[in-house]
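Colleague: Mind having a look at this structure? Questions to follow.
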Amino acid sequence: MQIKLANPRGFCAGVDRAIEIVNRALDVFGPPIYVRHEVVHNRFVVDSLRERGAVFVEELHEVPDDVIVIFSAHGVSRAVQQEAERRGLRIFDATCPLVTKVHMEVLRYAKRGQECVLIGHAGHPEVEGTMGRYDTSFGGQIYLVEDEADVENLEVNGPERLAFVTQTTLSMDDTSRVIDALRAKFPQIDGPRKDDICYATQNRQDAVRGLASESDLVLVVGSPNSSNSNRLRELAERTGTPAYLIDTAEQIRPEWLTDVSAIGITAGASAPEVLVQAVIERLQSLGAEAPDELAGQAENITFSMPQELRERVIASE
């Protein structure tokens, strides 16, 4: 049984940055460090940081006064940021810079008097943060749609002054169809020069298509609450290749491997490589050969830490 590894896979620059911010804050200031929401959607990562002294909370009212709080990579609403400022909390913002870019687009549309449509999944923290970045004091509204049916039912106040943005971790194919539906219904709709789906999401989706075409089974390493990991599993399945989303190697069921001669492995943008290697070891214990890494898009993007934290790290070294 062959093992084929997607390339690229696993951590993206935004996830790397967010995890580094928490780790460096723990190094410099010591525990506890409070983190609003899971810093990234991966159980292994969150548990590892919790063991170091990170305390994960869902809302700021769970945070005592005079502590350090880190905002997760998914971003937060203006209301959350303003509450933190009102309380005088010391904040390090681990919001992915590509999510921040969408926040700025939303605010710019609001200030122009344009209403905004956000394409995204209801309840996802990135969506909640982005919705909360639209400033309704300028007279407009922001609307959420997930699919073409939502677009068909969408009614807006100002169709001639309308724009759209997207969640960064969506399926490119699904999003393209929703954008087409928006443009068909609202021909004057404005949008970003380039869609908001991030480079890492695009690269991993391109890679899993190629991987699935060469595999009898695809395993996606990632947590169930990871949006981009779920999209990878869905994309593999759409090619006709069975696919499973697994958090750990222990979740692999031997019966999945019946009559499988080539198994593909990829990982969501929040899944560490150590989990991929554990999956490889588990498969090899079940008779698989050494893995073959497929060619793919090289990634060399990095994002820097917040300046204050960066300076404190340098001073402590």
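Placement of Cβ uses the backbone N, Cα and C atoms for every residue, glycine included.
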Colleague: According to Swiss-Prot, HIS41, HIS74, SER226, SER227, ASN228, SER270 bind isopentenyl diphosphate; so which of HIS103, HIS124 is the extra one listed there?
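Modeller: Looking through HIS103, HIS124, the residue Swiss-Prot assigns to the isopentenyl diphosphate site is HIS124.
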Colleague: Would you find the one among the binding-site residues THR168, ASN228, SER270 whose Cβ has the most company, meaning other Cβ atoms within 10 Å?
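Modeller: Answer by Cβ density within 10 Å: SER270.
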Colleague: Can you tell which of the binding-site residues (HIS41, HIS74, HIS124) has the fewest other C-beta atoms within 10 angstroms of its C-beta?
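Modeller: Looking at the binding-site residues HIS41, HIS74, HIS124, the Cβ with the fewest others within 10 Å is that of HIS124.
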Colleague: Whole-number Å distance between the CA of SER226 (isopentenyl diphosphate binding site) and the CA of THR168 ((2E)-4-hydroxy-3-methylbut-2-enyl diphosphate binding site)?
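Modeller: About 12 Å separate the Cα atoms of these two residues.
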Colleague: Taking the Cβ of GLU126 (active site, proton donor) as the centre, count every other Cβ atom within 10 Å, in any protein chain shown.
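Modeller: There are 25 such Cβ atoms around GLU126 (active site, proton donor).
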Colleague: Taking the recorded dimethylallyl diphosphate site as HIS41, HIS74, HIS124, SER226, SER227, ASN228, SER270, identify the other residues of that chain whose CB atom sits within 8 Å of the mean position of the site's CB atoms, giving them in sequence order.
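Modeller: Not counting the recorded site residues, we get VAL40, GLU126, THR169, ASN225, SER229, GLY268, ALA269.
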Colleague: Suppose we draw a 10 Å sphere around the Cβ of SER226 (isopentenyl diphosphate binding site). How many other Cβ atoms does it contain, all chains included?
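Modeller: Total other Cβ atoms inside 10 Å, all chains included: 26.
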